[in-house]
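K.L.:
Structure below; questions to follow.
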Amino acid sequence: MSKLKEKREKVAVSIERSSKEEAVELARVQIEKTFGKGSLIKMGESPVGKGIKSISSGSIVLDEALGIGGYPRGRIIEIFGPESSGKTTLTLQAIAEVQKEGGIAAFIDAEHALDPVYAKALGVNVAELWLSQPDTGEQALEIAEHLIRSGGIDLIVVDSVAALTPKLEIDGEMGDSQIGLQARLMSKALRKITGILSKSNTCIMFINQIRMRIGIMFGNPETTTGGNALKFYASLRLEVRKVEQITRSGSSDDVIGNKIRVKIVKNKVAPPFRKVELVIYFGKGISREAGILDAAIKHNLIQKTGSWYSLGDNKLGQGRESVIEYLSKEVELTNDLDKRLRKVIFNNFDQEDVSFIEYKENESE
């Protein structure tokens, strides 16, 4: 008797669900008539339900820390930190990666300070990079909106939020008080941009600067410019800090680069609060080889014994800088390591099945 009752209850639930689905379908038809096709769809039929596409950062260790293999498409990203900490370098490296994949990038240079020589050294095809140097903050953000709506741009970089000066402030006198103008400008622009970003699959990066809050006795006195809107709308927030200077071997005065620390303070697409250290060489950008070496050691593809580094039974060299230099010369080996690491990290590849190309030992030691 209980089985019959249970069967009747299941049939009743099925009928109820069917009637609910019919009601939702009727509502969907009405919604699409009013707002257009695709206004309401099941998540399994939407690109949102099929995972988030990404743009490589140019560093495998940062790609791993970001959780999805790079910067998420269709999202807002904020990169902030003190001066000369590597913020612009990170964005230019991302532009170079987009262009390598055949994508299109734009740089909105509100600071009017983009160095094409440095960008080219980082691998950016400056001849194909779209550049805008707007006069006002409104102009910059409207240009960004038009580019996003075009659907043809893969990556937009805005440098920087602090330089997005409202027109009213530019037209006013130097001593005029213009409290909250920039914050209101950013809030309005981000409300408009957010909805169209996901549909166009465009990634937009905002470079931001740090300011000190007056009168803060306890806690962190640092804050970013442009109000709180960007903090809320950003899916990814990266804090960049300079850790130490890198000097040429055998010299304490010949500085050739910086080591920076990137902390992911907010991440809506993967676990946040991860930290990575990157090496930036002056005139060259982020060291791809240093990132590959760190990742290979972490995932046991390269073994470190004392100051010696080895790949299987073959020694790569003694000392970190020596091995990085060796990997920069052995391009085929470096590319192969990168390929294998990405399989290990992002595809749960069985490390025991990883086989490396033939290569010669580092004979410089």
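Positions of Cβ are set from backbone N, Cα and C atoms, glycine also.
According to Swiss-Prot, the ATP binding site annotation covers Gly81, Pro82, Glu83, Ser84, Ser85, Gly86, Lys87, Thr88, on the basis of sequence analysis.
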K.L.:
Ranking the binding-site residues Ser84, Ser85, Thr88 by other Cβ atoms within 10 Å, which is at the bottom?
P.N.:
Ser84
K.L.:
Suppose we draw a 10 Å sphere around the Cβ of Pro82 (ATP binding site). How many other Cβ atoms does it contain, all chains included?
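P.N.:
So the Cβ neighbour count for Pro82 (ATP binding site) comes to 14.
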K.L.:
What's the number of neighbouring CB atoms sitting within 10 A of the CB on Gly86 (ATP binding site)?
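P.N.:
Other Cβ atoms within 10 Å of Gly86 (ATP binding site): 24.
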K.L.:
Are there any residues at least 6 positions away along the chain from Gly81 (ATP binding site) with a Cβ closer than 8 Å to its Cβ? List them or say none.
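P.N.:
Long-range Cβ contacts: Lys87, Ile210, Glu239, Val240, Arg241.
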K.L.:
If you count, for each of the binding-site residues Glu83, Lys87, the other Cβ atoms lying within 10 Å of its Cβ, which residue has the minimum?
P.N.:
Glu83
K.L.:
Starting from the Cβ centroid of Gly81, Pro82, Glu83, Ser84, Ser85, Gly86, Lys87, Thr88, which together make up the recorded ATP site, report each further residue of the same chain whose Cβ lies within 8 Å of that point, ordered by sequence.
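P.N.:
Near the ATP site, beyond Gly81, Pro82, Glu83, Ser84, Ser85, Gly86, Lys87, Thr88, sit Val240, Lys242, Ile260.
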